[in-house]
Amino acid sequence: MEKMSKFSHLLKAHPCFNEKVHDKYGRVHLPVAPRCNIACKFCKRSVSKECCEHRPGVSLGVLKPEDVEDYLKKILKEMPNIKVVGIAGPGDSLFNKETFETLKIIDEKFPNLIKCISTNGLLLSKYYKDLANLNVRTITVTVNAIKPEILEKIVDWVYYDKKLYRGLEGAKLLIEKQIEGIKKASEEDFIIKINTVLIPEINMDHVVEIAKFFKDYAYVQNIIPLIPQYKMKELRAPTCEEIKKVRKECEKYIPQFRACGQCRADAVGLIKEKELLKEFFKEKNKEKNIKLEVFDLKHFSH
């Protein structure tokens, strides 16, 4: 409670942590992080000017850190209700050095904006102090299972310390690093949100265990429905009743966030809005489609 009191000014203006202000204050996601170090079976990243889907992992383009200042000035001029600047992809924020370059620019040029990142948590224990030094205080970590035998059905592989881990081995490693990172970040006074993708045929009865496990470390949990696509295109999305039921069970342990828009990596404005600054990317990227890097070992892309 002391931590929440200390950072109450952040929570009062953060639409992704406080659903009471989701239609009052806006956020901007900076798509500076294209590379990812895990392969979720439901995730299909896309970076293209033709991409009009409204879901995580997609963006009109990849923004370079040197363009961030101009980009934010344009946004803040058009949308003065923007209070939060976040980095949420289209890959994993902590697996891209551009994330830290961008956060440094924001901290120097836009100190009044709340800085936020989303991550799979694999590298959180390695970088949480760097984030603290850049005055980041809100972190979202996606945790879809805390049992390896469940997570291996959701994640194909994990790339860590220049080595690829598949199946159960990769799932064990990811869970271990997520728990380590979340605990350390919580001790460092970060405000943490746990995102959990609800996959009825895989983790429906397990999500409450995630809530129980992280109840002393997370401020809020955001349970979001599976978008059937990629390797999970044959699976079904949860019904509204199923989502309500799981949230009610989890709410016994962690407060639930119910205003998530499952936003793009380049989302701008209020959560309910679908604003995209197409003209900016038109000017910065002349190619028809922008090549998406996966990571250094490109033959492991997905």
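Each residue, glycine too, has its Cβ placed from N, Cα and C.
Annotated in Swiss-Prot:
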BINDING   CYS36, CYS40, CYS43  [4Fe-4S] cluster 1 binding site
BINDING   GLY91, THR142, ILE194  S-adenosyl-L-methionine binding site
BINDING   CYS260, CYS263  [4Fe-4S] cluster 2 binding site
DOMAIN    22-264  domain 'Radical SAM core'
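Structural mapping of features recorded in Swiss-Prot.
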{"residue": "CYS36", "record": "[4Fe-4S] cluster 1 binding site", "DSSP (3 states)": "coil"}
{"residue": "CYS43", "record": "[4Fe-4S] cluster 1 binding site", "DSSP (3 states)": "coil"}
{"residue": "GLY91", "record": "S-adenosyl-L-methionine binding site", "DSSP (3 states)": "coil"}
{"residue": "THR142", "record": "S-adenosyl-L-methionine binding site", "DSSP (3 states)": "strand"}
{"residue": "ILE194", "record": "S-adenosyl-L-methionine binding site", "DSSP (3 states)": "strand"}
{"residue": "CYS260", "record": "[4Fe-4S] cluster 2 binding site", "DSSP (3 states)": "coil"}
Inter-residue C-alpha distance, CYS263 ([4Fe-4S] cluster 2 binding site) and GLY91 (S-adenosyl-L-methionine binding site) (nearest angstrom): 13
Cα-nearest neighbour of GLY91 (S-adenosyl-L-methionine binding site) within the listed binding-site residues, CYS36, CYS40, CYS43: CYS36
Cβ-Cβ neighbours of CYS43 ([4Fe-4S] cluster 1 binding site) (radius 10 Å): 26
Cβ neighbours of THR142 (S-adenosyl-L-methionine binding site) where a neighbour is any other Cβ within 10 Å: 21
Inter-residue C-alpha distance, CYS40 ([4Fe-4S] cluster 1 binding site) and CYS260 ([4Fe-4S] cluster 2 binding site) (nearest angstrom): 20
Densest Cβ neighbourhood among CYS36, CYS40, CYS260 (binding-site residues), 10 Å radius: CYS36
Inter-residue Cα distance where the pair is CYS260 ([4Fe-4S] cluster 2 binding site) and CYS43 ([4Fe-4S] cluster 1 binding site), in Å: 17
